[in-house]
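> Among the features that TrEMBL reports, compositional bias 'Gly residues' is placed at 140-149. What TrEMBL records for 150-163 is compositional bias 'Low complexity'. Residues or ranges marked as domain 'ALK/LTK-like glycine-rich' in TrEMBL: 28-233. Per TrEMBL, region 'Disordered' is recorded for 140-171. What TrEMBL lists as transmembrane segment is 280-301.
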Amino acid sequence: MRCSGDVCSWTYEYTGKIETFVVPEGVGEIRIEVYGAAGDRSDLFPRVLPGAGGLTTGVLAVQTYDEYTVLIGQRGRKAGAFGGGGGVSARGFNGGGGGGSFVGAEDGTLLLAAGGGGGGGSDGKQYGVGDIPDVGGDGAGAGSTGINGSGNHFQGDDPPTGGTPTGPGAAGVCLYHNGSPGQGPATGTTPGAGGAGSDHLFEAGAGGGGGYYGGGGGGEAQSGAGGSGFAAAAVTQVRGETGVRRGDGLVVISASRSPFGAAPAPEGSGHGLAWTGAPIGALLAIGAGLLAAGSAMVGAARRRPSVS
């Protein structure tokens, strides 16, 4: 836990298990930041980037001693990642999908989720299509769809699609080997899983990212698609972003006895700016600081020895 002023924050990193946050005494609302995990790179084509995890933030009204579950997504793994990241065939070299991250109520109701990124695929060169890497699809925040996977190396290819706010991503389709679709919706403790990549001796498809709804797994040589994010109706000041997190997922919960409000925007004209809507206490503190600094400068000038 770290505190600055009257705001204290708890940071939850990947542990491979579901954790619990208990609301401190006297706190009426909390701000939550949820980051999905990134996918994994291909062993055979490490220069091809996997998808990055998404971000969902919001503010939730709470009561003292309420409990919330916290599930942090794991960076993509070939055997599948914690948080619903889709796996890859044991015979293949491409990357697994990253797990989604989730915060839920004590009764299992999902409150916030951020999608994981899809695994990285082939670089395209060996299939005669030039330098066209199959970059993994990014995971999404609340209200957005995960980014599709990629791959057009074979006739009839149809890369996997990202998880959406209302349904899972479709599997990647290839002339020879298809991936698996994503799953969902998630609950507070059960992720929407990303689809598994197709089976193949070398060019198995990459896994899809977990999330509210998981992204589709890649067909042969294809990258995986990203998972989607979510915010429940009880969550306010919701913001979602796509593709912001590399590595494992993360959740940051901040608590204050004062309400969380949107930061005031600078307004005005000429040479000055006025922060309209700023708390009067903050303005008085700024004014007192400026007055003290000015007094110190005047005192120093008076004490400066004269030169004759």
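Cβ from N, Cα, C; glycine included.
Quick one: how deep are these features, and who are their neighbours?
Here the domain 'ALK/LTK-like glycine-rich' (28-233) has a mean pLDDT of 91 out of 100.
Residues 51, 54-58, 112-115, 118, 121-122, 124, 127, 129, 132-134, 178-184, 192, 194-195, 205-206, 208-209, 211-231, 238-243 of the same chain lie 6 or more positions beyond the ends of the region 'Disordered' (140-171) yet place their CB under 8 Å from a CB of it.
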